Amino acid sequence: MKTVGELELSGKRVFIRVDFNVPLDKEFRVKDDLRIRAVLPTLNKVIEKGGKAILASHLGRPKGKPSAEFSLKPVGEHLSRLIDRPVPLAPDCTGREVVERIAQMKNGDVLLLENLRFHAEEEKNDEAFSRALADLADVYVNDAFAVSHRAHASVHGMTRFARECAAGYQLENEIKYFRKAMDNPARPMAMVIGGAKVSTKIGVLEHLISRVDFLVIGGAMANTFFKAQGKEVGRSLVEDDHLETAARLLKAAAEKGVKVYLPVDAVVAPSLESCGDVQQVPVEKVPKDRLILDVGSKSIEVFESVLKNCRTIVWNGPLGAFETPPFNKGTFALAEFLGSLDALTVIGGGDSAAAVKQANMEDKVSYVSTGGGAFLEMLEGITLPGVAALEECCGRS
């Protein structure tokens, strides 16, 4: 697959599919710019080579029609401050006005198209819409790993009509680190998996059991495994319809010689709001009127004793309700510990990435993925539609 640095870009219109689907506060200011900063190497390379950078993204779920709430205007303003140059916002992502704006661009200019999802055709992967987007540019670049699991027009459809295609540096890095961690990992290898539900990660667990040496399970999903083992979990979140699944996964791991580590103690409280009535108890002694909201300190010690000898570690999903102190201690302790290791540490998007950032460990781990759903699908062994389409386009161009 070609990368953007290999192309001759001077004077060319370069359509860069980015993922600027970032959280905004009540004043419509960017709260977390990880995904914006992730595209800067690609954008700066296009500017440096004299290309005309046309940025395209979605934001939120505007349901196929324009909405001021989902305008990319605040994102463009934030990007402008990051690169210290104007980033004007086009009135739309296709149409006569957009074509005219692009025609006026000079080498090194940047233009941000308005929200792709203001058009229902984007998510429908509509052929005419895909062609209209492709007609805006001479070169198509995908630098949006986080949406590459979606067969949408700007990710999949327009590659069929693009004159030339390439991967951006962020997409290239995502694939490189993922393959380094999963295809031929330095061993021992561990997967740390957390979050709320077993049901959302069954495919991941099934795929990984034959590939890892150690599996560390935390978060609310551990409750389902506890109950499958006959343990009391109080009023904790449990997926009762997946108890057999949890038992089957534990049995499969044992048959393949994969050591599974579940928490040995838990932080419990009557509710998320009851921060003053918090206890740490062994997992065998969870009170019937309490919720498990985090792993305990002994669990962290056990997890660290396993992970310290691993050479490859992939982490996806928090160990507790980390958005609500004091139930963030387990997740933050893990983030800090992974940042201290001399191992390949790949953090898989979403809440895990947010936790690593909040713990100031972004620069200490090997790689923090920008993808949530895309990362999970790759963990399941699924080929991402956007990546497959890009590889096919690169092969033609």
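Cβ from N, Cα, C; glycine included.
These features come from Swiss-Prot:
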type	residues	note
BINDING	Asp19, Phe20, Asn21, Arg35, His58, Leu59, Gly60, Arg61, Arg117, Arg150	substrate binding site
BINDING	Lys201, Glu323, Gly349, Gly350, Asp351, Ser352	ATP binding site
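Note on proximity: among Asn21, His58, Gly60, the binding-site residues of the record, the Cα nearest Ser352 (ATP binding site) is that of Asn21. When the alpha carbons of Gly350 (ATP binding site) and His58 (substrate binding site) are compared, the span between them is 17 angstrom. Asp351 (ATP binding site) is 24 Å away from Arg117 (substrate binding site) when you measure Cα to Cα. It is 20 Å from the Cα atom of His58 (substrate binding site) to that of Asp351 (ATP binding site). Across the annotated binding residues for substrate (Asp19, Phe20, Asn21, Arg35, His58, Leu59, Gly60, Arg61, Arg117, Arg150), the two most widely spaced Cα atoms sit 18 Å apart. For Asp351 (ATP binding site), the same-chain residues 6+ apart in sequence whose C-beta sits under 8 angstroms from its C-beta are Gly195, Gly317, Pro318, Phe322.
With a 10 A radius on its CB, His58 (substrate binding site) counts 27 other CB atoms from all the protein chains.
Cα spacing between Glu323 (ATP binding site) and Asn21 (substrate binding site): 20 Å, rounded to the nearest whole number. Across the fold, the C-alpha of Lys201 (ATP binding site) and the C-alpha of Asn21 (substrate binding site) stand 23 Å from each other. Take the binding-site residues Asp19, Glu323: by the count of other Cβ atoms within 10 Å of each Cβ, the lowest one is Glu323.
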